[in-house]
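To keep things clear, I will list the structure first and then write my remarks on it.
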Ligand code: UDP
């Protein structure tokens, strides 16, 4: 039995890079897709918000000194590229994935239409939300919180390279321990960096739990869906 019926999975651009310096690593994306397929086969409805850092990083030199809004629109376009790559990898794995973009680019992908996204989810299709919120000065974490709330997801699953939220940076402090659950208030007071402030505030206000987990750790996604203690659950009241 799956612990969740509908989830919003936030994949940062970094998650697609593997160990490469930027771009999309084929093996990494294929492995990720097979893990997503596993939970889709369990009957979980999955919407994905994809980041763009992996593509954007390759051109930060060029973006430095640019007008912020212009650079942000470029960043949003980078997320559309990732969304197409992810959709393609999913199709090759025999999954039915749709991309909906917050920026109109009609020849390439559908625009974001909430009722259509809900319908596609009900039909068991994977819906990939591209172009973040469609507005500069926001992040794809905020898009994940926003879309998660909009589609009535039970949880935002934030994929990172670390398997949860730690008391301190585990790379610098070997005594750091992982939180199994933590409240929004504690995360704020201890400055545990879970998401950016806008995304975090939206989740807290809407009582949307966030589970931070490692996308590099094999099987972690499935274990979350099975209800195991994986990563860190950030919510209004810790259990
Ligand atoms: N972005 C934006 N508005 C949004 C979402 C993203 O302007 O609603 C831009 C922003 O420049 C951001 C880039 O797109 O840096 C890529 O998104 P993000 O940094 O969140 O991707 P990730 O770090 O998760 O790969």
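Every residue gets a Cβ built from N, Cα and C, even glycine.
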**OP:** Name the one residue among 52, 94, 164 that TrEMBL lists for the same UMP site as 72, 133, 134, 135, 136, 137, 138, 139, 140.
**Re:** 52
**OP:** Compile a sequence-ordered list of residues in the same chain as residue 12 (ATP binding site), six or more apart from it, whose Cβ lies below 8 A from its Cβ; state 'none' when nothing qualifies.
**Re:** 51, 53, 54, 140, 159, 160
**OP:** Note down the number of other Cβ atoms within 10 Å of the Cβ of residue 160 (ATP binding site), including every protein chain shown.
**Re:** 19
Original post:
For residue 137 (UMP binding site), what is the tally of other C-beta atoms lying within 10 angstroms of its C-beta?
Top reply: 10
Original post:
Those binding-site residues, 10, 52, 53: which ones have a Cβ sitting under 6 Å from ligand 1?
Top reply: 52, 53
Original post:
Hey, what's the Cβ neighbour count for residue 135 (UMP binding site) at 10 Å?
Top reply: 15
